[in-house]
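The substrate binding site annotation in Swiss-Prot covers Ser94, Asn110, Val111, Arg112, Gly260, Gly261, Arg262 and is backed by sequence analysis. The divalent metal cation binding site annotation in Swiss-Prot covers His98, His108, His147, His177. Sequence annotations record features per position, and here Swiss-Prot assigns active site, proton donor to His108 based on sequence analysis. Per Swiss-Prot, the feature region 'Important for dimerization' maps to 242-277; the stated evidence is sequence analysis.
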Amino acid sequence: MAGPDIEAVKSYLLDLQESICNALETEEPRARFVEDRWEHAAGGGGRTRVLSGGETFEQGGVNFSHVRGASLPASATAHRPELAGRGFQATGVSLVIHPLNPYVPTSHANVRFFLAEKEGETPIWWFGGGFDLTPFYPFEEDVIHWHRTARNACLPFGEDVYPRFKRWCDEYFFLNHRNETRGVGGLFFDDLNEWGFERSFAFLRSVGDHYLKAYLPIVQRRKAIPYGEREREFQLYRRGRYVEFNLVYDRGTLFGLQSGGRTESILMSLPPVAHWRYDWRPERGSAEENLYLNYLKPKEWLES
């Protein structure tokens, strides 16, 4: 069984960041990604790219990082006590895209690799990641396309993989205090090492490479739909849920902040504008109610 090759993972992730940024810019008439290179105090660093003020994307961030540390923070060892006291390397690409048009969903993707080492002991490593979609005014055909693409990413690795990681995504991206999912899900996996390094790495690449196939057709179909103040206000209200999840539940955010990560890069996932309204409820029979009734509970979107 091949050992972990973090340099190969890092090379793939840098290429993935580049290809995703280039593809997203093709949907944007004027705004471009601005790059910010940074260093991590304990070792390593990253390459953050942010696009803001666009006609298609109000804000989007695509972050690459490769950081080192002398010990893993509590968020990483809570369910893996054998990792306590180990030095670590973590590398990944994480992105969140917040479109301007409320008919275009917000999307999130993340692919990452952890390596935890201790002198004289066998390295412990794992992959994690996935992608998920958060619509405001959903179209069923878009959600089916998203999940079909997610299933295609998984099929070469077994027919049980998509149902397993789809269910994990539904469970992970759930706001307990709201009793609703963050969106319509997709894929989520973590602690993946049971297939060995090469097969696990191949799966990571498949997930990373299918993100654009899942998202760009939806952007292209919906970005020119006319909208008004009502739709914009609802988008901003629902973005508040995104903020709540990221600051209360998200393990990646907690890990980054607890490990002394770069705050600007960690919090770039937050939308540029979000609203909260006290005890707001959608009108009965409205498009806004449709989201609540049909899209914010776990659901099987594909025929078996």
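For all residues, glycine too, the Cβ spot is worked out from N, Cα and C.
Here the features listed in Swiss-Prot are painted onto the structure.
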residue : record                             : DSSP (3 states)
Ser94   : substrate binding site             : strand
His108  : divalent metal cation binding site : strand
His147  : divalent metal cation binding site : helix
Gly260  : substrate binding site             : coil
Which chain-mates of His108 (divalent metal cation binding site) that are at least 6 residues away have a CB under 8 A from its CB, listed by sequence?
-> Leu95, Val96, Ile97, Phe131, Asp132, Thr134, Ser269
Could you state the whole-number distance in Å separating the C-alpha atoms of His177 (divalent metal cation binding site) and Ser94 (substrate binding site)?
-> 25
Among all chains shown, work out which of the binding-site residues Ser94, Asn110 has the most CB atoms within 10 A of its CB.
-> Ser94
Output, ordered by sequence, the same-chain residues six or more apart from Gly260 (substrate binding site) with a CB under 8 Å from its CB, or 'none'.
-> His40, Ala41, Ala42, Gly69
When you measure from the Cβ of Arg262 (substrate binding site), which residues in the chain that are at least 6 apart have a Cβ under 8 Å away?
-> Trp38, His40, Gly46, Thr48, Ser65, Gly256
Write out the long-range same-chain contacts of Gly261 (substrate binding site), meaning residues 6 or more apart in sequence whose Cβ is under 8 Å from its Cβ.
-> His40, Ser65, Val67, Phe255
Where the record names Ser94, Asn110, Val111, Arg112, Gly260, Gly261, Arg262 as binding substrate, the maximum Cα to Cα distance in Å | 20
Residue pair Asn110 (substrate binding site), His147 (divalent metal cation binding site) - Cα distance, angstrom, rounded | 16
Around the Cβ of His147 (divalent metal cation binding site), how many other Cβ atoms lie within 10 Å? Please give the count over every shown protein chain.
-> 22
Pairwise Cα distance for Arg112 (substrate binding site)/His98 (divalent metal cation binding site) [Å, integer] | 21
Surrounding CB atoms that lie within 10 Å of the CB of Arg112 (substrate binding site), all protein chains | 21
Sequence-ordered list of residues in the chain of His98 (divalent metal cation binding site) that lie 6 or more positions away and have a Cβ within less than 8 Å of its Cβ, or none, is Phe57, Glu58, Gln59, Gly60, Thr106, Arg239, Pro271, Pro272
